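Chemist: Can you keep this structure in mind? I'll have questions shortly.
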Amino acid sequence: MKKNSNINMNSNHSKKRIWALAGMFFLGSFAVINQKFLFEIYGYGRPQYGYHRWRKPWFFSTGAAFGMSLALIVYEIQKCFDKTIYHKLSNRKLFFIAIPSFCDLLASVLSNISVLYLDVSVVLMLRGSTVLFTGLISFFYLHRRMYSYHWFAIAIVLVALMLVSTSAVMSRNSYIHENKSDKKTIHHKKSGIGFTIAGILIKIGSKLLQSIRLLIEEDLTQEQQIPSTLIVGIEGVWSVAFCSFIFLPIVHFLPGPEGNGIHEDFIDSCIMLTNNKTIICLFTLHILLMVLLTISSMIVTETTSAIFRTLFDLTRIIFVWAVQIILHYSMKNTRLENKFGKIGERWTNWSFMQLFGFALLIVGLFIYGKQIRIPCLAYPKDYSIKTSRKSVA
């Protein structure tokens, strides 16, 4: 009976992981495309800004945080069907969860700002830097042992990120030269090279914060056995509080043009929401997507590891990239091009470098996760290499 019980538990565990992986793939892909659409929609807000795009990364992150807080409702529903899921948190743990919440919020905002200046495929590929930072933090701060295969993989990931970043800068440069005399680019011109480089650095900075969050969450879900939905919900509450009482008031009064990721008029954001049904529909949709996506991602981390979550997260890049290219060429020379001209992505000569960098990124991450085995590199003693059938110390 005990054996059958263990089999059933393993079966349920596997089904839970499969559903979470599917949710992470499809919800994540749709969420990033939905975000790009939302940031390119024009509307009327406060009179001084005229007819402008809804580029509100801070308000957008607040909405995503509110979506995360809804996970507490899911947690309460889970308790009705499974009494064993109940977990009482001490005040110390409640305040401790504020740390990954703060990291996640800043990472989310920085990532949203990078979307203003980079193509979606580049933003997604730069997520590979999470493994780079996770490995370095594990070694220098957590004092975990790093083997030679770890360092070799990190070196490959670093080269891959350099290739992807270079392709983004050069592709933007070629676009500017090709369209410098095209009047249609007045409203939909690509950001300059400086903004592209800034976007890359901002995105990498967001992944440093995300890496810290992932390591803390891995400890909370696996070592302390705290339910994923409870952690996500509490993180959402903390993030909404941080945004509402600290960040939104600060960016509202900061100087600078509207829609650059630094200054953000809160009143203008609300007026645009009420004036444009498309904006409010996409914004509401993103809130729902975020709660489902965050729960799925947390379950993946809970049932696997932060490294596996990062590896799997890369699988949707090709899907999103393909959708972006299709959107660009399907809208070309149509009325939609003037309205959503920046959503799709062109295929350029530099895209081959980006594709090679992405392939190299996958190789590096698979070596880091031990899916690809290198016989001449050192591994843990209990890890045997099939080619030599010996443990490499």
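All positions are counted from 1 along the displayed chain.
Backbone N, Cα and C define each Cβ position, glycine as well.
For 18-38, 58-75, 95-118, 124-142, 149-171, 191-209, 230-254, 274-295, 307-327, 347-368, the entry in TrEMBL reads transmembrane segment.
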Chemist: With a Cβ cut-off under 8 Å, give me the same-chain residues at least six positions beyond the ends of the transmembrane segment (124-142) that come close to it.
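Modeler: Apart from its flanks, the transmembrane segment (124-142) reaches 32, 114, 118, 150, 153-154, 157-158, 160-161, 164-165, 200, 203-204, 207-208, 210-212, 214-215, 306-307, 310-311, 313-314, 316-317, 320-321, 354, 357-358, 361, 364-365, 368.
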Chemist: Please give the sequence-distant neighbours of the transmembrane segment (58-75): residues at least 6 beyond its ends with Cβ less than 8 Å from one of its Cβ atoms.
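Modeler: Contacts of the transmembrane segment (58-75) (Cβ under 8 Å, skipping residues fewer than 6 from its ends): 35, 38-39, 85, 105, 108-109, 112, 227, 229-230, 232-237, 239-240, 242-244, 247-248, 251, 264, 266, 269, 283, 286-291, 294-295.
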Chemist: Counting only pairs at least 6 apart in sequence, do the transmembrane segment (307-327) and the transmembrane segment (18-38) share 3+ Cβ pairs under 8 Å?
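Modeler: Since 3 or more Cβ pairs under 8 Å link them, the transmembrane segment (307-327) and the transmembrane segment (18-38) do come into contact.
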Chemist: Of the listed stretches 18-38, 95-118, 347-368, which one has the most C-beta pairs under 8 A with the transmembrane segment (191-209)?
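Modeler: Going through each listed stretch, the top one turns out to be 95-118.
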Chemist: Who are the chain neighbours of the transmembrane segment (347-368) in space, where the CB to CB distance is under 8 Å and they lie at least 6 residues beyond its ends?
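Modeler: 121-122, 125, 128, 131, 135, 149-150, 152-157, 159-164, 166-168, 170-171, 174-175, 307, 310-311, 314, 317-318, 325, 374.
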